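> Take this structure first; my questions come after.
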Amino acid sequence: MSLQKIYELIDSKKQSYIERLHKAVSIPSVSADASLRPKVVEMADFIVSEFEKLGAKMEKRDIGSHVMNGVEVPLPPIVLGQYGNDPAKKTVLIYNHYDVQPAKKSDGWDSEPFELVVDEKDRMLGRGVTDDKGPLMGWIANLEAYKEAGVDFPVNLLMCFEGMEEYGSEGLDDLIVAEANRYFKKADCVCISDTYWLGTRKPVLTYGLRGVSYFNVTVEGPSADLHSGVFGGTVHEPMTDLIAVMASLVKPDGTILVPGIVDEVAPLTKDEDKLYDNIDYSMDDLKQAVGGEINVYDSPKDTLQHRWRYPTLSLHGIQGAFSESGAKTVIPAKVTGKFSIRTVPNMTAEHINKCVKEHVEKVFASLNSKNRVSVECLHSGSWWISSPFHWHYTIGAKAVKTVYGVEPDLVREGGSIPITLTFETALNKNVLLLSMGRGDDGAHSINEKLDVENYVNGIKLFATYVDELSKSELK
Ligand SMILES: NCC(=O)N[C@@H](Cc1c[nH]cn1)C(=O)O
Ligand SMILES: [Zn+2]
Ligand SMILES: [Zn+2]
């Protein structure tokens, strides 16, 4: 009965939840841009103030500074919070991130990325709406809904929100390990809402993530950019060398060419292969999500296995290269190629680093170039896999069934939330990944969106999840 009352309240407050998300989106908390670091801190303050209005005890933990493009920059704080401390209640630790990926209207957005708009299809558009400000605002709305409905919040809540997830979660590992037996001691389980449905129709519970190792390869030679008419063909050009190195990493069909990378990949067993037979996913879902028929594999099974359980290598960009419109005839003096490898069981960061370094140096040596090359791993986060048969997943599935009327699909995700494994190992507690958005939300892309329907149902899902958790025997 009380859940029904909360659902009705959530429906009636929809507009105010959109307005709160609007405020959050308008703060460009881009962790990868040092000049926007004050905005990331402003976003932390916004979260603290919203939770404090509801009576939560919040604090900001300073975790020092880091060096970005040669400059020392303060890291944004980790926001910790506590809502309720009743020994008779279960305690869940929730994690979200309040930083976002970079976005510019000129990237191809139809609207200003840092101004939320609701379109004619009732979709909210703006950077971070689905990754991860919508889910974070969803937790605020959940607390508020219980309070306004006059229903006692059924569990104690511990909170951990970071502002560096999109840049490798710098500084968070150490804090989690240090606080595992202090601030986080009472947590019975961990819930992370930073994943998406596989498609657009069916909710999911996610029990696996890939890891990520991100690399910079820099080639430099001349002391300054050169005129290609004067020096072209008479000097070794950094860009030509870099393109040769980048082209040696991966084939157009996605095959990784770095020797040794796949050596540690766990073999696919027959039982694991069977798990892919009944997943509700079609080639049309892929086509819709990417906006074109550009599939490498012809079956959903191969597509999902290469998204979830095989490593992939993606090329992201070249810093220092000419990239404006027009026709500048320049030979860039120093260029940095960026690529990342998504990792899977049982790959290790040490082995990947070694393979990449050896390969890049060997390829570069074969070019007989007089330029210089260097390879750097910017960050690496581990893959994570859990059991979808744990009691925590059972209550998650019950909550999904109550809100959506269907059993969730049990899925893995190709993306990474590096801190998931740290929570699991440091706290020795189960982690559930509870998704709010859909597979076509376009996280990290242009026109990132979150359907209003998913936002509202996501808030109901969080409300139902804490209710289920309060009734659980934790086994
Ligand atoms: N929603 C999770 C997510 O987007 N994670 C990022 C993490 C990351 C790692 N390096 C940069 N970002 C991802 O790309 O998977
Ligand atoms: Zn992201
Ligand atoms: Zn995210």
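Note: Cβ is positioned from N, Cα and C throughout, glycine not excepted.
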> Quick check on the annotation: TrEMBL has His97, Asp194 binding Mn(2+) 2, so which of Asp122, Asp131, Asp225 does it put in that site too?
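Answer per TrEMBL: Asp131.
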> According to TrEMBL, Asp194, His227, Arg342, Ser416, His444 bind substrate; which one of Thr218, Thr240, Thr329, Thr402 is listed for that same site?
Thr329
> Taking TrEMBL at its word that Asp131, His444 bind Mn(2+) 1, choose the one of Glu162, Glu166, Glu170, Glu407 listed for that site.
Glu166
> Which of these recorded positions (Asp99, Glu166, His227, Thr329, Arg342, Ser416) have a C-beta closer than 6 Å to some atom of ligand 1?
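Going through Asp99, Glu166, His227, Thr329, Arg342, Ser416 in sequence order, those close to ligand 1 turn out to be Glu166, Ser416.
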> For the binding-site residues listed here (His227, Arg342, His444), tell me which residue's CB has the most neighbouring CB atoms inside 10 Å.
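That would be Arg342, with the highest Cβ count within 10 Å.
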> Would you list, in sequence order, the residues of this chain other than Asp131, Glu166, His444 that have their CB within 8 A of the centroid of the site's CB atoms, where the site is the one recorded for Mn(2+) 1?
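For the Mn(2+) 1 site, the extra neighbours are Val100, Gln101, Gly128, Asp132, Glu165, Ala443.
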> Less than 6 Å between Cβ and the nearest atom of ligand 3 is the rule; apply it to the binding-site residues Asp131, Asp194, Thr329, Arg342.
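The ones that qualify, in sequence order, are Asp131, Asp194.
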> Report the member of Thr329, Ser416 (the binding-site residues) whose C-beta atom has the most other C-beta atoms within 10 angstroms.
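For the binding-site residues Thr329, Ser416, the Cβ with the most other Cβ atoms within 10 Å is Ser416.
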> Considering Cα atoms only, can you say which of Asp99, Asp131, Glu165, Asp194, His444 is the nearest neighbour of His227 (substrate binding site) among these recorded positions?
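Nearest listed residue in space: His444.
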